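Listed in TrEMBL:
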- A:33-54: transmembrane segment (TRANSMEM)
- A:66-116: domain 'NADH-Ubiquinone oxidoreductase (complex I) chain 5 N-terminal' (DOMAIN)
- A:86-108: transmembrane segment (TRANSMEM)
- A:132-424: domain 'NADH:quinone oxidoreductase/Mrp antiporter transmembrane' (DOMAIN)
- A:138-157: transmembrane segment (TRANSMEM)
- A:206-227: transmembrane segment (TRANSMEM)
- A:248-266: transmembrane segment (TRANSMEM)
- A:278-299: transmembrane segment (TRANSMEM)
- A:330-353: transmembrane segment (TRANSMEM)
- A:373-391: transmembrane segment (TRANSMEM)
- A:411-436: transmembrane segment (TRANSMEM)
- A:457-476: transmembrane segment (TRANSMEM)
- A:496-518: transmembrane segment (TRANSMEM)
- A:598-616: transmembrane segment (TRANSMEM)
Amino acid sequence: MMMAATLLSFLLPLAGAIVLGFSGGRLGPRASAAIGVGSVGLAALATAWALLTFSGDSQGFTLWTWVSVGEFQPTMGVVVDRLSLVMMSIITGVGFLIHLFAVWYMVGEAGITRFYAWMNLFVFSMLVLVLADNLLLLFLGWEGVGLCSYGLIGYYYQNEANGRAAFKAFIVTRTGDVFLALGLFLIFVELGTLDIGLVLEQAPRVWAEGSVTANLAALLVLGGALGKSAQVPLHTWLPDAMAGPTPVSALIHAATMVTAGVYLIARLNGLFLLAPDVMWLVGIIGALSLLLAAFAALAQTDIKRVLAYSTMSQIGYMFLALGVGAFDAAIFHLMTHAFFKALLFLSAGAVIISCHHEQDLSRLGGLWRKLPVAYAGFLAGGASLVALPLVTAGFFSKDEILWQAMASGHYGLFAAGLTGAVLTGLYTVRLILGIFHGQPRSDHARHPRPGTSPLRHHLPLAILAVLSTFVGAWLYPGLEVVFPPPPDDATNAGHTLFQFLATGAVLAGLALAGWLFLARRRWLDAKVGRGLGARLWILFNRAWGFDALFDRTLVRPWQALVRVLRFDFINLGMNLPAVIARLCNAGLVRSQDGQLRTYAKVMVFGATVILVGLVMTQGGGA
Amino acid sequence: MTGIPMEHGLILAVILFSLGLAGLMLRRSMLFVLMSLEVMLNAAALAFVVGSTAWNQPEGQAMFLLVITLAAAEASVGLALMIQLYQRFRSLELHEVSRMRG
Amino acid sequence: MELGFYLSGLVAVLATVGLISGSSPVHAVVYLIVSLIAVALVFFALGAPFAGALEIIVYAGAIMVLFVFVVMMLNLRPEAKRDPLWLRPGYWLGPSLLALVLLVALVALISDGQAGMTIDGELITARDIGLTLFGPWLIVVELAAILLLAALVTASHVGRRNKPRGNRNRGGTR
């Protein structure tokens, strides 16, 4: 029963994608929307059914053997345990709400069928990724989501910049995928299998803790995760990926695809536990991305870019949790983040559409009366993002992460997380104030058209808002059965005190933000306008110059190499016979001067030579 | 009555042939070229007859007949061509007729 | 007999030299006729009267008349006297040298031969030649006939009168 439900949950979006993909323009916008949203909706129902019939133990089901070459026999199989059910619920549930909102958002756009086809294909790939029982099938889903991300970022392909952004996303994540593929090779060579369960069983037997191969394998898998999850240094694609439609940003680049890296590391927890140094690296990268992105978010002018850096920062929290061994906390934060980030993106989408595609912060303002639903969404989501104490789901998950970090003894990581929390408060307040308060700074902001459709506009926002509150935290099943124990296992002694501390930090951050952006606005603007403040602002705006760095060290040399290789010297060698033939031709053509006398002279000359030769050699006896 | 050594006859033929050849290479007017050709053919015919009389066999003179026929045929066609040349180019200079160059 | 041979040979050579160095077409034709008749005399001296007669009748009598007719028809004038090109050594040195070398080579080839035959002037009559031609060497007659047929067709087609083609000329350096 449960297996059937699980299979339906990913086969339905696949069917939707195939129908839409092969419809060849015969389906109108309404029909495409119906199929696209309907398939994901049915998939959500199937997931709910699977949840209800879940027995509590993990179950596996093999569809067929994919490849059979000697010892290499990966199957097309699914495994359902609590972790995959949580992920499935997020993907189909939040996915369905986003699809519903997309009907309102994308009204009037060209190529709707293509949009829903890609979205359905994406849902299918992501479900394959989380349900796969072996790493090869997981890799299939991994690549599938990368492809769909490319297709959706470049959705407005008529503008060349969007195409380039899609390229950038694809290439940067591809770089990570190469590492992941190498990791898979290594795992197969060493452990003889790609089945996840077997890998986790065999790894401790074959590899000693901290051995070189274990470290290498974990490092390679981490490389793949970094690309997909947009962590330092493979993060440069995420802000540019905001060129796609906002529902795409909500689904792919906030709730699901970018969390695939977190899921991968969580799933392969046994592998990472064998490589403590790599775990430490995971934590460091998480902290680094967390801070880097938070600073960058402070200085962005585009709404969606602020949210993109915010996503990167929150995923940094998840990586931090993974790094200290708190896998459960990481997945918890993944779930709450999916709720409130999707809510934020959808609300941003509401603002953007209402203001005629205006995305620049410096041109918005004063919208809180005219766009009440979007305002409410931003408040709910933003509160969860800054982890407002006790009422929001974000508080519980972020607090759990920070608590585990401290319990594990990594005080540096803990401090980074705490600083990040303060900064989160800063940029979120800046964002909300910039959009909704103050005076409207452009015509678009003065005359917005709010969304009114209750089903497509209000309902998704309302449901996500409810989930962003503590209700969302309640919904989370503990995943202790799936994961090895986190650093803080038994003692909860200092936890309540700790929660006060965290609360204090968050409130301090909010107060600071309020003071800076409300009371001392002009002073702040003056500080940023010149001198050190201006330079810092530019540094943050450009996200610490990673783009420029990669451009100089990787892109330009590559292009120079391509230019050099255009000159094909082997081709020159192959042209040599042709050149020689042409030279000989030019020479021989000179002898054809059209004069009869010349020809006669040459013939006589030839005859003479032969004759003289005969005379010499045969001595006249002829 | 001493005979004529065959070599002398052949040498006469060779001298005439070389003269005809020189004329062929040296002259620019087509008429003279054709006449030099006639001289060469004649020299070859002379060689055949010398051989025939040296060996006292009539076959050489049968070949001589063929050579004369050939000369006649060649002369007629050559002269017809010369007429066409004159009609088109208004001159018989061979160096002006060099369009098959290159 | 020998005297006739050598004298006629000398005349033939001299006439040919005059032919290739002359400038007037009519004079050249006359030189050629003289050369042909001298060669016919050589045939008579060698004891091949039929060949000699044939030479005069066909060669000097028919072919040369063709030449005369053409010279007459085209109204050829003597070429300009002593055109400068003729005088330049670069012009006549090469071909003359080639012809000379060929001559020397052939003479050397002939002189080295050991045939050692002498022509003693015994007559080869028309009867002998006729028996050969209509006997074992019949193919010569047939070949000659076909050759003449081909020449006839060719000459009558190539030599036809074209209407003057004014501006459609594809001719040389006009």
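Including glycine, each Cβ sits where the backbone N, Cα and C put it.
Note: TrEMBL annotation is automatic and uncurated.
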Go through A:330-353, A:411-436, A:496-518, A:598-616 and flag the stretch with the largest number of C-beta pairs under 8 Å relative to the transmembrane segment (A:86-108). A:330-353
Here the stretch out of A:33-54, A:206-227, A:248-266, A:411-436, A:598-616 with the most C-beta pairs under 8 Å to the transmembrane segment (A:330-353) is A:248-266
Mind checking which residues reach the transmembrane segment (A:138-157)? Cβ under 8 Å, same chain, six or more beyond either end. 111, 114-115, 118-119, 121-122, 124-130, 132, 163, 165-167, 169-170, 173-174, 177, 180-181, 184, 196, 224, 228, 241, 243-245, 248, 252-253, 256-257, 260, 264, 267
What are the helix, strand and coil residue counts for the domain 'NADH-Ubiquinone oxidoreductase (complex I) chain 5 N-terminal' (A:66-116) according to DSSP? 29 helix, 8 strand, 14 coil
Taking the transmembrane segment (A:278-299) as reference, the highest number of CB pairs under 8 angstroms among A:33-54, A:206-227, A:411-436 goes to A:411-436
Intrachain neighbours beyond the transmembrane segment (A:411-436), with Cβ under 8 angstroms and 6 or more residues off its ends: 283-284, 286-288, 290-291, 294-295, 297-298, 303, 306-307, 310, 313, 316-317, 320, 323-324, 351, 361-362, 364-368, 371, 375, 378-379, 382, 385-387, 398, 401-402, 405, 502, 505-506, 508-510, 512-514, 516-518
